[in-house]
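Trainee: So TrEMBL lists these for the protein:
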BINDING   Gly258, Gln259, Thr260, Gly261, Ser262, Gly263, Lys264, Ser265  ATP binding site
COILED    40-172  coiled coil
DOMAIN    172-512  domain 'Kinesin motor'
Amino acid sequence: MDAERAKVAKLSADDRALSRQLASAKELDLDKRRALVDAADELERIRIKHQREIVDLEVEAGKRAREAREREEELKVVKEDLETARETIASLKSTVAHQSGVQVTLNAQIAALQVENSELRAQLDDLSSAVSKGALEYADARRKIEQLEKEAREAEMVRRKLHNMVQELKGNIRVFCRVRPERAAVADLTFPDKEDHREIVVSSTSLNAMGQERKEAHNFTFDRVFEPEATQSDVYEEISLLAQSCVDGYNVCIFAYGQTGSGKSFTMEGGSTEATVGMIPRAVDDVFRAADALRNKGWEYKMDGQFLEIYNETINDLLGKGEFDKKKHEIKHEKQGSTITTRVTDVNVLPLSTPREVASLLRLANSRRTVAATLMNERSSRSHSVFTLRVSGYNAHTGTRCEGCLNLVDLAGSERLNASGAAGDKDRLRETQNINRSLSALGDVIAALGEKSVEKASEKHVPYRNSKLTYLLQNSLSGNSKTLMILNLSPLAAHLGESLTSLRFATKVNNTTIGTARKQVRGPS
Ligand SMILES: Nc1ncnc2c1ncn2[C@@H]1O[C@H](COP(=O)(O)OP(=O)(O)OP(=O)(O)O)[C@@H](O)[C@H]1O
């Protein structure tokens, strides 16, 4: 029993021990449960905290992601900028390389220029000293030039005097005779003077009282006779010095006289070719040339021209504006100091500065004459045409002035009344009478001038006022003037009578040259 008791005691002790262990285990379990709850709480807290942290981190990650995208964008832009900058740098690098090359070249050029510059400076120094030396030489040369210019002006005065003496020795009134070429039946004209060409012989046959044929030879002598073969330049050669006289301040008159168709217009105006151009254009060219040549001797010239027609003792302006000149023109001789200027009222006087302008003036005048010719039955051969070129010169060195005048006159046909078939026609009769009157007035004036030069100047009356032509040319026919008459002859047998009349008229004019020839005896004054 004891054993049983011992066993029960032992079992009770075990039970108590186990109860205690159970209580302890329960306690422990409770603790563990409490700890578990705490841990669960802690876990929940941590979970919540983590959740919050995750949210925060997600927000942060979103922010970072945005920022990363922005950075990416920025990076892209920066990359592009970088690319552009790279390209720019590459281009700049090549520019710099090129510029470096250029700079090298420029540097070389600068170096060369610097060398050149120093050479030039050296030359400049040389030149400066040469200039100062030259200035002295220039002043010296200037003095010499002034001296030479003075001598040239003096020589010019001497030339003028000598030229005038030559002209005076030739006679201030000269007559040339020119025979027109002709293929048809020509008269018996011979030219015996083969040396000086001064004679013309006209042979005519007539019946004497017994009815027998009588041959008569008429000898005429002039200052120069031009045979039909003579060219325009042959004729001009003889008169070219008159152009110089005009520039020297003399009045010059050149007349073309002769019957209609004898070659007056051909002689004065001529054709359009160089060989056929007439005396007017040649003289005008020479006047301009002579004036030009005197420029370096201090002379300045001014030219103007007028072109008039005298028809039936009425003056018409060939340079007028209208188709036909209806104005009444008066001739005035105005004295200014020692010079007398002839002016015609209400006519156009055109300034002329080149021969070309003169040519167009002549064309204008001719076109007006042509209009008049068709209106008034070949009026051109029934009127006198007077082209006047006035030449005024001034020498600023010497203060000298000179006024010359070149008158080129194409006279009306000189045929006599019956020859022109005018006897029955009243207008034609008046025309012819006027022409004859003015031509004989011209002959009388020239004859009186010739006589005047052998007598005392004031004693002889010169009948200038007997015709418009002589009154217009009064100033150019008197005093220190030079007159040339070119007698144009038709060689036709049918014109023999007219030719003889013309030759006699011209001889009357030519005889007046005796007066001026006396100057040869007296010698230059
Ligand atoms: N020397 C010459 N050489 C060649 N032809 C000439 C010469 N002279 C005159 N002629 C010619 O003769 C013709 C008549 O000449 P021009 O017209 O000059 O005579 P004119 O006397 O002026 O006559 P008008 O009084 O009718 O004007 C013209 O055809 C002209 O070309």
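We count from 1, first residue shown onward.
For all residues, glycine too, the Cβ spot is worked out from N, Cα and C.
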Trainee: On the three-state reduction of DSSP, what should I expect for Gly261 (ATP binding site)?
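Mentor: DSSP assigns Gly261 (ATP binding site) to coil.
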Trainee: CB neighbours of Gly263 (ATP binding site) within 10 A?
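Mentor: Excluding its own Cβ, the number within 10 Å is 22.
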Trainee: Ranking the binding-site residues Gln259, Ser265 by other Cβ atoms within 10 Å, which is at the bottom?
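Mentor: Across Gln259, Ser265, these binding-site residues, the one with fewest Cβ atoms within 10 Å is Ser265.
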Trainee: Listed binding-site residues are Gln259, Ser262, Lys264, Ser265; which sit with C-beta under 6 angstroms of ligand 1?
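Mentor: Once distances to ligand 1 are taken from each Cβ, Ser262, Lys264, Ser265 fall under 6 Å.
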Trainee: Starting from the Cβ centroid of Gly258, Gln259, Thr260, Gly261, Ser262, Gly263, Lys264, Ser265, the recorded ATP site, name every other residue in that chain with its Cβ within 8 Å, sequence order please.
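Mentor: So the extra residues in range turn out to be Arg180, Ala256, Ser381, Gly413, Asn488, Ser490.
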Trainee: How does the model score the coiled coil (40-172) in terms of mean pLDDT?
Mentor: 87
Trainee: Using a 10 angstroms cut-off on Cβ to Cβ distances, just flag whichever of Thr260, Ser262 is the loneliest among these binding-site residues.
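Mentor: Counting other Cβ atoms within 10 Å of each of the binding-site residues Thr260, Ser262 gives the minimum at Thr260.
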Trainee: If you count CB neighbours within 10 Å, which one among the binding-site residues Gly258, Gly261 has the smallest count?
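Mentor: Output over binding-site residues Gly258, Gly261: least Cβ neighbours within 10 Å is Gly261.
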